[in-house]
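Everything on this sheet refers to the single structure shown next.
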Amino acid sequence: MPPLNTSCPSPVPFLLVGIPGLEHLHVWIGIPFCSMYVVAVVGNVTILAVVRAERSLHEPMFLFLCMLSATDLVLSTATLPRMLCLFWLGARAIALDACLAQMFFIHSFTALESGFFLAMAVDRYVAICHPLRHTTMLTPARVALMGVVVVVRGVAFFSPHPILLKQLPYCGTRIIAHTYCEFMAVVKLACVDTGATKRYSLSMATIIGSCDAVLIAVSYVFILRSVFHLPSQEARFKALGTCGSHVCVILVFYSTAGFSIFTHRFGKNIPAHIHIFIANMYLLVPPFLNPIVYGVRTKKIRELVLKTLMVKGV
């Protein structure tokens, strides 16, 4: 008589651990995380509202910024509210379908974030290096097409993740040593060989992230070369300040995301709490910083926001 299959899928929920080893600090860690989420939501909603209301901002730069803001809203909302429930209410249980849905939004919208960073870098490259051709090269139709390509790429490459995990049998422990349903943390719980599945996930993340990062770096090299040829020293300093703040946000995103990706492959000796804490950073910090760097530091948006606040205050 064949042995019974004890690894059949069951409705038993997964249990999120949070940050292993720092459970006693979850309440306090949740305070800055919540503050960052509030700033991210208010800032990104403000950018979307201002650009939508002001027709003079319907330019490629601001349209890409709106796409980035919408992505940030989805990415942070898919992560933070559930994380805060874990930190403050001790709500560890999460159903399989909810876990897979969260995973899809996190991974696909992280790819969208990377794609829109690239699109914005291309826009800045054309605007600075080929200013006379900017309006003809980046027409509204081409901007929309670039946005669609970024969205389709992110959804197409990461839709298989929840589908693959839905088919796997889970047995024994269902404890996810993470603050959210991250692919590699969940796939470890399967009681079958998942080597091919892990390789697919890591290769997709590596290919998309590295290609985007290289193209962004090349764009900014050309941008900086043009900036250093500007005749006015004041113009050079202003352009360098703007580019520098953009590069800092991009570096935070790619360095933390890259650290998380390569820790799964090579960082077996890195403490779990460090890995998970940094893994949270690429989901929390860019949505928090983007409205400040791309919004507050952008003169047109800053002036329109201040003008709106003064009108309402009268």
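A Cβ is built for glycine as well, from the same backbone N, Cα and C atoms used for every other residue.
Straight from TrEMBL, the features:
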| type | residues | note |
| --- | --- | --- |
| TRANSMEM | 25-50 | transmembrane segment |
| DOMAIN | 43-294 | domain 'G-protein coupled receptors family 1 profile' |
| TRANSMEM | 62-89 | transmembrane segment |
| TRANSMEM | 101-122 | transmembrane segment |
| TRANSMEM | 143-160 | transmembrane segment |
| TRANSMEM | 207-228 | transmembrane segment |
| TRANSMEM | 240-262 | transmembrane segment |
| TRANSMEM | 274-296 | transmembrane segment |
*What residues in the same chain, six or more past the boundaries of the transmembrane segment (25-50), come closer than 8 Å to it by Cβ-Cβ distance?*
18-19, 57, 65-66, 69-70, 72-73, 76-77, 80-81, 83-84, 86-88, 280, 284-285, 287-288, 290-292, 294-295, 301, 304-305, 308
*Thinking of Cβ pairs under 8 Å, which stretch from 62-89, 101-122, 143-160, 240-262, 274-296 has the most of them with the transmembrane segment (207-228)?*
101-122
*asked:* Give the nonlocal contacts of the transmembrane segment (240-262) in its own chain as ranges (CB under 8 Å, at least six residues past its ends).
replied: 110, 113-114, 117, 120-121, 124, 202, 205-206, 209, 213, 216, 220, 223-224, 227, 275, 278-279, 281-282, 285-286, 289-290, 293-294, 297
*Which whole-number mean pLDDT does the model give the domain 'G-protein coupled receptors family 1 profile' (43-294)?*
88
*Hey, which bits of the same chain come close to the transmembrane segment (62-89), Cβ under 8 Å, at least six residues off its ends?*
16, 18, 26-27, 29-30, 33-34, 37, 40-41, 43-45, 47-48, 51-52, 102, 105-106, 109-110, 112-113, 116-117, 119-120, 123, 140, 143, 146-147, 150, 179-180, 280, 283-284, 286-288, 290-291, 294-295, 298, 300-301
